[in-house]
Amino acid sequence: MYSRIPVNLPQNSYEIAIASGSLSRLGAEMSTLNLGKKVLLVSNPEIYDYYGEIAVNSLKTAGFEVATHLIPEGEIYKTLDSITQIYDTAVENFLERSSTMIALGGGVVGDMTGFAAATWLRGISFVQVPTSLLAMIDAAIGGKTGVNHPKGKNLIGAFHQPRLVLIDPQVLKTLPPREFRAGMAEVIKYGVIWDANLFSQLEAAKKLDEFSDLDEDLLQTIITRSCQAKADVVSKDEKEAGLRAILNYGHTIGHGIESLTGYSQIIHGEGVAIGMVAAGTIAVKLQLWSEQEANRQDALIKKAGLPTEVPPNVNIEAIIEALQTDKKVKAGKVRFILPQQIGTVTITDQVTSDVIREVLAQIQSKA
């Protein structure tokens, strides 16, 4: 059964369609959008081996002409060089302004495909078909696209909304367990910043750290509620003028830790998990919420099999320095998203370097 969530924007509204087995109906879903017949499917080799044939057959059955472009897996390939290679394939296949790029993969594939679509011929349509939990509930929704710069994550990018986000939860069965757990960090984030009922549902679940632990109904509920939270926020603040910044809860310190560990020792969701622990601890110190609520959050993060400590090999001063290149810096001040209670957060630039330093030392692994 489909769950359909509208993302209502002043222009370029679209739908998130969620259903088991929906990948085989990709072509039929796209046929309703009045798109040109030429499409470029962008994926990575592993995902394409699993799901490329299903997607391509569905598109061809619906009358689309399909070209493909595969990019290596990993955050280290999220660069302008990789974007140029997508452009090369677009040239070779005569992609026009009426053509569409399709992202079949995780957040890296989605970010890069969206950025290529945003900039090819000054902007063509694209469709998100996320295959990781993290991409399904976060990266694929909201139109943020881009690549990394050697000095920081996602510093080069554009807002470019997809025409459709198609989510098939069953593709998660081939997702590596570590990647599934990384996605759960973003689910927990929505519970803390927006949806206290989702948080309670996660607390009530017996286990959260593996795909096989969740029955189909619970998985569909988690994905749907998370997507609804993201859609609600994006609909109210498309270009991150204010409210949308709350979606970066846990990301401020998390991004710094990711980049300092080469995007591999600590991957995105793990960085967010550590960042949420840090933000929750800062919020206790600033008396924004209680230690009891911070403990509930941290217990849920542990239940999802996620790290809660800064790795011992990461230099705290280097994290503080990395915060200065964060996208949320305004007038030289780092803006933090801090919880006030489960389901509600606030944005502040009043967190001093001394407090950050103290909290990071407190939550750094001593091993």
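Just so it is clear, glycine is given a Cβ too, placed from its N, Cα and C backbone atoms.
Look at Swiss-Prot and you will find 73-78, 107-111, 131-132, K144, K153 tagged as NAD(+) binding site, backed by sequence analysis. Residues or ranges marked as Zn(2+) binding site by Swiss-Prot: E186, H251, H268.
Overlay of Swiss-Prot feature records on the structure.
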residue	record	Cβ neighbours (10 Å)
E73	NAD(+) binding site	16
Y77	NAD(+) binding site	17
G107	NAD(+) binding site	25
V109	NAD(+) binding site	31
D111	NAD(+) binding site	24
S132	NAD(+) binding site	27
K153	NAD(+) binding site	23
E186	Zn(2+) binding site	27
H251	Zn(2+) binding site	25
H268	Zn(2+) binding site	26
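Across the structure, E73 (NAD(+) binding site) and H268 (Zn(2+) binding site) place their CA atoms 14 angstrom apart.
Apart from E186, H251, H268, the Zn(2+) site neighbourhood in this chain, defined by C-beta within 8 angstroms of the site C-beta centre, holds L134, D138, A182, A185, K189, G250, G254, G269, G271, V272, G275. Of the candidate binding-site residues, E186, H251, H268, the one lying closest to G107 (NAD(+) binding site) when CA atoms are compared is H268. Residue density at E75 (NAD(+) binding site): 19 other Cβ atoms are found within 10 A of its Cβ, drawing on all protein chains shown. If you compare Cα positions, Y77 (NAD(+) binding site) sits closest to H268 out of the binding-site residues E186, H251, H268. Checked against V109 (NAD(+) binding site), the binding-site residues E186, H251, H268 differ in C-alpha distance, with H268 being the nearest. Considering only the binding-site residues E186, H251, H268, the residue whose Cα is spatially closest to the Cα of D111 (NAD(+) binding site) is H268. A 10 Å radius around the C-alpha of E75 (NAD(+) binding site) takes in these binding-site residues out of E186, H251, H268, in sequence order: H268. Following the DSSP three-state reduction, the secondary structure of V109 (NAD(+) binding site) is helix. Mapped onto three states, the DSSP output places S132 (NAD(+) binding site) in coil.
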